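One structure below.
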Amino acid sequence: MSLAAEHWGIAREDVGEVRLSHVSDNDAVAYLARSKLSKSYEDTWDERFPNDVYRADLRLAEDRWLRLSLHMLSGRLVGWTWYGGGGEGPSGGTGAVSVTEQRITNKELLDYLKQWGYEPADWEPTGTATGNGDYVFQSRKAPIGEARLQLLVKPGESIAYRLQLPESFTAYLAGQEERASSLSMVGYLLPQIVLFVLAIAYAAQYRKHTSLRRGWFLALVYFGLYACFTMNMIAGFRSRTSSFQPPSTDGTVEALLIVNAIILALTAVLTSLSAVAGDGLWKSMGYNLWPSWRESGFGAKVLRSMKQGYGLGLIILGAQSVIFLGLDGLLGSFTGSDASQSTYNMTYPWLLPVLAWCAGISEELIYRFFGIALFRWWLISIARTLTRREPSGRTKAILTFVAMLPPSLFWGFGHVGYPIYPVQSRVIELAIIGVLIGWFLLRFGLMAVIFAHVTLDAILMSVQLIFDGLPYDPVSGLVSMAMPALVGVAIWRLHGVFSRRRAN
């Protein structure tokens, strides 16, 4: 607010609403990461031209908006734009220059930049303008790899900057995003629909081996936690708006929330059906991988699974690190940035670890518990039909390994939207980890792999919380790592209380 008052004479009472969000330039971050120039850019340019900023959208009278881009550490104003009615604040302020929009000289533009603290000698005109009419100036300093830093200037309306990337890299990223969309559609969305239909069919067919009530509680937990997390991410939805686009309307955010609620509800139903169908299939094949609450030793088994989950989670974390190193060497993998799930875009950052529980519950029930059981049942049935006899133990072991591959690939294809390039590196990573977790499922049971998955994600998220610099988040990070143990002990104690009451 002080910056708005200083530069445009905007009083606090003139501001009807303030929307804060963390935004990041994924393309620039990805280019710098691929070119190994992130540290060089940070040392040279980040103080004035950061790739990550706080964005403050101020709504004024007559539906006018002033967008301020602020350095995340120093709070320095690094860019601004007016939307909805033209530039200049109530009293003109620094934004006023006596030039016409149709004919403006480079000298006048450079003088205008000097008013805002830019050194005119450091910038040269490119002779071009953006589609919005912003004049483009380019830094005279050495390029960053093949990229050039540019200022976009429209006197009285905006000053912004961008890292102009080489066309070859922007074309590469566009191709990667197109490939990710195709893989997500063919490898994730369509299989999800098929799994939904099959889960209904097999839940009905094998209901004599299980109970239709299995999984409903976990599905409700998943839906409730994810709904809370989604409401916690409203600023994250707003951050998806480009820095060169007007602020998103409340209707846009509400539409996203409604769509997410529908997707969550359908995923919760699939999670519940997968629990029933998976339990029925495994039991029909002679496996009991998921003890029931009614069993006398359920609490002790949960406690043991929790302890195993910590060990297995650390094993998966180590395997993931090795896989990353291998992919970096083989494919030259690199990462961009995604501010939509940044803790800075959360109303309550300490809620981040609930996402670990959502992923651990739904993904293990759908892809491991049901997915592997389904493909194993199919493959063994085909082998039995072709050979007209029961497959040997060795054959079953091989077929079980093969059965782990399709659901692991589906799981991987569901994560190609993350800014990790090339997109196939994420699929390869999760396919390998999916097979590893599948083996853990057969060896230690469903509860152990759920705890392992939750522990893995909780550790990664706790590191993010500990180092994000927000108040109380280091404590939240430590609680995140301890949460699987707390939940395991709570279930153990709760089951003990109910068991004693039943006995009496």
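Positions of Cβ are set from backbone N, Cα and C atoms, glycine also.
What TrEMBL says about a protein is an automatic prediction, not a curated fact.
As written in TrEMBL, here are the features:
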- 348-458: domain 'CAAX prenyl protease 2/Lysostaphin resistance protein A-like' (DOMAIN)
- 185-204: transmembrane segment (TRANSMEM)
- 216-235: transmembrane segment (TRANSMEM)
- 255-277: transmembrane segment (TRANSMEM)
- 310-334: transmembrane segment (TRANSMEM)
- 354-378: transmembrane segment (TRANSMEM)
- 398-417: transmembrane segment (TRANSMEM)
- 479-498: transmembrane segment (TRANSMEM)
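Outside the transmembrane segment (310-334), and at least 6 residues removed from its termini, the chain residues within Cβ reach (under 8 Å) are 30, 33-34, 420-422, 424-425, 428-429, 432-433, 436-437, 440, 444, 448-449, 451-456, 459-460, 484-485. Against the transmembrane segment (354-378), stretch 398-417 has more CB pairs under 8 A than any other of 185-204, 216-235, 255-277, 398-417. Secondary structure of the domain 'CAAX prenyl protease 2/Lysostaphin resistance protein A-like' (348-458), assigned with DSSP and counted as helix (H, G, I), strand (E, B) and coil, comes to 92 helix, 2 strand, 17 coil. Confidence for the domain 'CAAX prenyl protease 2/Lysostaphin resistance protein A-like' (348-458), expressed as mean pLDDT, is 97.
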